[in-house]
There are 2 protein chains.
Amino acid sequence: MMRTRPLKVALLGCGNVGSEVARIMTTHADDLAARIGAPLELAGVAVRRPSRVREGVDPALITTDATALVKRGDIDVVVEVIGGIEPARTLIATAFEHGASVVSANKALIAQDGPALHAAAGRQGRDLYYEAAVAGAIPLLRPLRESLAGDHVNRVVGIVNGTTNFILDKMDTTGAGYQEALDEATALGYAEADPTADVEGFDAAAKAAILAGIAFHTRVRLDDVYREGMTEVTAADFASAREMACTIKLLAICERAADGGSVTARVHPAMIPRSHPLASVREAYNAVFVESEAAGQLMFYGPGAGGAPTASAVLGDLVAVCRNRLGEATGPGESAYSMLPVSPMGDVVTRYHISLDVADKPGVLAQVATVFAEHGVSIDTVRQQSRQDEGDRACQASLVVVTHRASDAALTGTVEALRTLDTVRGVASMMRVEGE
Amino acid sequence: MMRTRPLKVALLGCGNVGSEVARIMTTHADDLAARIGAPLELAGVAVRRPSRVREGVDPALITTDATALVKRGDIDVVVEVIGGIEPARTLIATAFEHGASVVSANKALIAQDGPALHAAAGRQGRDLYYEAAVAGAIPLLRPLRESLAGDHVNRVVGIVNGTTNFILDKMDTTGAGYQEALDEATALGYAEADPTADVEGFDAAAKAAILAGIAFHTRVRLDDVYREGMTEVTAADFASAREMACTIKLLAICERAADGGSVTARVHPAMIPRSHPLASVREAYNAVFVESEAAGQLMFYGPGAGGAPTASAVLGDLVAVCRNRLGEATGPGESAYSMLPVSPMGDVVTRYHISLDVADKPGVLAQVATVFAEHGVSIDTVRQQSRQDEGDRACQASLVVVTHRASDAALTGTVEALRTLDTVRGVASMMRVEGE
């Protein structure tokens, strides 16, 4: 049964993602209408630079006045693909006030202001959907929010940033250093001119906050997410990883504590075994591993960015929101009833791989082992290797220690204490080991 | 805002899956109530053998009269985990007539009678959900139906039967033959005493029909699915696969024809490259690969069977259906507006790996190549190997041909014609090659 009055869609932003959304709305108009039960009408497209040619978008729809567009009053759904905090936040709030539902791809905004925006949507009986904000085209938020609504999620571990995965994959497969791999990523368009948001983990941290909130039905603010970038990962780290049959990935890890009373969320580079499903995620692909009580281990894999893949997620949300409007219903809103506290990084239980430059003389290993013992950190393996550096008068050795599981605070304390030992010339590297 | 009147759930079947559903409804009652917005009440459990002890299920709820249970009139949701066509079909129809929504895990029934059951649900304004019917715990139908609702799916390729994947994985990793691997699967509980439904591909075919219907918004009947079991896969086939850097999987493949005007659905063993994401799916795990126009390549991975994983999918549906009831809404029903014809297997375009026993004399390859050419099948590679079988007077050779893509009809015709050649002693094996 097809309704003939179209549902009106306002598009905010017409870059890579927005232009794909507009294109698919035109080329697949019949399919979308059949799936929704009413045709869609692109009612307006707000852009910053109206002079830029946008193939396939009727020039009469282009406006620079986004505020006027969302205030028109006849808009059923606002699709926000501008990104950033402002003006996106104000525009979305205004859209709700004027009766529209909202589909957004804005991870930074949702991570920062999700609760307030959900509340605004709820007050008006409207929907706020944002599948595209995390892991691009991969259906992830809807499965977590709906498919696993009867399950108890204990852990979400994901590669949620394609730029950094591309760089780390290059370093792994070619032996390149960080800068060389970054240069290649930039040349190929996988990294932006200023790659800070990606390589310092800000992008992944926003996604971790969103994932943890949905997975654990609790509020996780961006500030709650421990964040460590991957700019200091070296070719030597990859060599160490290889010796352990591991590779290195930048992971977003959201965990429920063993006692169930708190959660943690963190982003950092980590060694994972090559046999782990996430280890084989190549190039700029994303993948997210979910562990839940009843379902066990699930993995979701696909392209995490790009115009068309992100548009796929946006349009899936658009269809859902439009169906809801026609049925005068709303989809699931924010679910934060668990109200679990978010523990600091020090409480996280993990393993460390530590590489030390030490003096090559008797008793060093005993000294080092004592420091670990004093901090309650149990050693899994230790490997000692003599070497005579050029131009170095003293004999040196390297000592590679892999620990058993311990609190991050204990591990950090151990490393700090090791640095104070006379026989320890330096801590060459330390990296967490995950996925076992 | 919590409603205090509970939503009443009738459970039909209390085996592996049903008992887990009942258990989780009790142990996670508070979580489920918070996520739904109202508490759940297990109103009755219909079983065949009431004497069997069911831990954690109140004996007062047990009944053998499933019909009376679904006719009570106060049941909000019926959860059907009996399996098989009857009495499940009649019970579900009766449930709709009496105002209940239905969550089912019954692949055979949905594949056979999905359209009629959807219509019955629609007449009453009720929901029919069945995420658990395909690939167990893996969120798959909801992502296909909702997350990809704005996209255009071109192909779904999946390992959707855990028993056969376990057997094939064993054959691959240990070199075992089919019977030996089946015996191990049976001993470990991965295969049933009568494994026919699994090893002959009936189970996977039902899932393929459901997947194709949802992916292509069209009706695909069980009879439309080409089906070939995996009982004739040999250790020699695995050896051949290995030489091509392939492994062998039982695949369910649903494809849209290149011109978009028809679809196909099929289940058969196939060689796939070891580099393909599906190649690394081990033991009894399931995984489904989805290719769509905008999203590109997605993969969903997880446990495809088992009591708790299947219960996870059932409970996710239960939460969704209950939310719909509270909101006086219904979820998306059947979407078959595309009404695409389903083409026969002969129209499928694929590749073949053919192993021939031939006479070792000049001119054989020319003869064989001519047969391929006459059927319009182009050869990719050919490998010839002389051998002197014990006790065999004539010199023999084996000829392994891998074709380029051609219609299955042309490939089948080629093999039939090869069998008639004097110089071809036999067709040792033929297998489709997928995933490139």
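Placed from the backbone N, Cα and C atoms, the Cβ positions cover glycine too.
Copied over from TrEMBL:
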ACT_SITE  B:LYS207  active site, proton donor
BINDING   B:LEU12, B:GLY13, B:CYS14, B:GLY15, B:ASN16, B:VAL17, B:GLY18, B:SER19  NADP(+) binding site
BINDING   B:LYS107  NADPH binding site
BINDING   B:GLU192  L-homoserine binding site
DOMAIN    B:353-432  domain 'ACT'
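Figure note: comparing Cβ neighbours within 10 Å for the binding-site residues B:ASN16, B:SER19, the maximum is reached by B:SER19. Within 8 A of the CB centroid of the NADP(+) site residues B:LEU12, B:GLY13, B:CYS14, B:GLY15, B:ASN16, B:VAL17, B:GLY18, B:SER19, the other residues of that chain are B:LEU11, B:GLU20, B:VAL21, B:ALA22, B:VAL47, B:VAL81, B:ILE82, B:GLY307. Comparing the Cα of B:LYS107 (NADPH binding site) with the Cα of every entry in B:VAL17, B:GLY18, B:SER19, B:GLU192, B:LYS207, these being the recorded positions, the smallest distance points to B:LYS207. In the structure shown, across all protein chains, B:GLY18 is the one of the binding-site residues B:GLY13, B:GLY15, B:GLY18 with the greatest number of other Cβ atoms within 10 Å. Across the domain 'ACT' (B:353-432), DSSP helix (H, G, I), strand (E, B) and coil residues number 23 helix, 35 strand, 22 coil. Between the C-alpha atoms of B:VAL17 (NADP(+) binding site) and the residue listed as 'active site, proton donor', the distance comes to 18 Å. B:GLY13 (NADP(+) binding site) carries neither a helix nor a strand DSSP state and counts as coil. Within its own chain, the residue listed as 'active site, proton donor' has B:LYS107, B:ALA111, B:ALA133, B:VAL134, B:ALA135, B:GLY158, B:VAL160, B:ASN161, B:ALA252 as residues 6 or more apart in sequence whose C-beta sits under 8 angstroms from its own.
Within the same chain, the residues at least 6 positions away from B:CYS14 (NADP(+) binding site) whose Cβ sits under 8 Å from its Cβ are B:ALA22, B:VAL45, B:ALA46, B:VAL47, B:ARG54, B:VAL57, B:ILE62, listed in sequence order.
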